[in-house]
Amino acid sequence: MKHLLSMADLEKDELFEILKLAEKLKEERYKGVVTDYLKNKSLAMIFELPSTRTRVSFEVAMTDLGGHALYLGWDELQLGRGEPIKDTARVLSRYVHAVMMRVREHSTIEEFARYSTVPVINGLSNLEHPCQVIADLLTIYEYRGDFKDVTLAWVGDGNNVCNSMILAAALTGMKMVISTPENYDPNPEIVKKAEEMGAKLRFVRDPKEAVKEADVIYTDVWTSMGQEAEKEARLKAFQPYQVSDELLKFSKDDVVVMHCLPAHRGEEITDEVMEGKHSIVFDQAENRLHAQKAILLKLLGKESEVY
């Protein structure tokens, strides 16, 4: 694995190595172990879109690992004034040891990676969000102990996180039921690829049907960054897909609820569910830190130093 742009960049063994490594790093942090696995290493973080969790978790990850992270806003770089992506990629490759990017278009990060001589990490694009989903898998594993008997119901928009989770289902053997309104389905090319990889996917329009056998219910915002003009239409289309106490009545008693945050409480998820006994949302958010530490070590060839 040279870069992490998509969940499809991972082999099954690589994914499980990252999850195992993340568990170990989490344990070390809770014990207060001081590490310097990435001493004298620098990560450039390029943000075309704003972030709370991605920025903080990557910065803290590099600090915890003994390295350094540089925040680079899109408009602070010459990229914002028209410098070609390939030039920026070549230059930054001479300065830093890895680059994380949070961008509008997936094609941007693909082009950057083509010209970069250091690992490039997708911190979010319009197509995928692999860092989020690796953290999600760590969380599911902590709660369920395995993936083979887990059914995850995706309720809401077939967005970038959904796309990455579909590929993750293929890699882990987890079953996935996807419930979206018409015209808001996940990317068909990703669905096809996942099915070719052996993914066990089922598509249903009725969210009540989708959650019946679910061990995990996952939702995300109905209106993502850049879709503000569609907000009214989306609110109308997605209203039946709200994750509420009423919807949970149709699921298992021990179901857990996930959301990658930020949440629009009262839209895709109610306040009661966010704060309720089924929610593992904040454990999930914490795991961004541990998962991304593992991703960084794996890409920089330092994972063997942990054991």
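In case you wondered, yes, glycine gets a Cβ from its N, Cα and C as well.
Bear in mind that the values here come from a model prediction, so they are computed numbers and not experimental data.
Carbamoyl phosphate binds SER51, THR52, ARG53, THR54, GLN78, HIS129, PRO130, CYS131, GLN132, CYS260, LEU261, ARG288 as Swiss-Prot records it, and from the list ARG29, ARG94, ARG102, ARG104 the residue named for this site is ARG102. Looking at SER51 (carbamoyl phosphate binding site) and ASN160 (L-ornithine binding site), their Cα atoms lie 15 Å from each other. Reported as a whole number, the C-alpha separation between CYS131 (carbamoyl phosphate binding site) and ASN160 (L-ornithine binding site) equals 11 Å.
If you draw a 10 Å sphere around the CB of CYS260 (carbamoyl phosphate binding site), it holds 24 other CB atoms from the protein chains shown.
Its Cβ placed at the centre, SER51 (carbamoyl phosphate binding site) has 17 other Cβ atoms within 10 Å. In this structure, CYS131 (carbamoyl phosphate binding site) is part of a helix by DSSP.
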